[in-house]
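Okay, structure first, notes after.
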Amino acid sequence: MAGCSKSEPEPPEMNMTVQELEPTPEPTPTEEPTPVAIPTPTPTPTPGNETAILPPAEDAAPDAQMMDDASVTGMTARSDRSGHGDDFDTAPVETRRRD
């Protein structure tokens, strides 16, 4: 720190004059503005809910719903992947009967 600071402090200025400011004038009383009645806007009525009610969804067949759910979740062990159609048993290999 000593390397960056000045070696001697600056002497105070001797030529300091004090200037007197003029006193501020007293505020003059003013009339308060009269309140003006502002008309309140009438609220516009909000429209009712005009969306159409959808009919209930048709239930899919239980097998079709199961296959849709299985294909979405990646559990399609019961689906036929061989491409042979009805020639093969559609049950998983683990549950086939071996008679």
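Placement of Cβ uses the backbone N, Cα and C atoms for every residue, glycine included.
Note that this is a predicted model, so its numbers are computed, not measured.
What TrEMBL says about this protein:
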REGION    1-99  region 'Disordered'
COMPBIAS  24-46  compositional bias 'Pro residues'
COMPBIAS  47-70  compositional bias 'Low complexity'
COMPBIAS  78-87  compositional bias 'Basic and acidic residues'
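Helix, strand and coil counts from DSSP across the compositional bias 'Low complexity' (47-70) read 9 helix, 0 strand, 15 coil. Remark: secondary structure over the compositional bias 'Pro residues' (24-46) totals 0 helix, 0 strand, 23 coil, with classes taken from DSSP.
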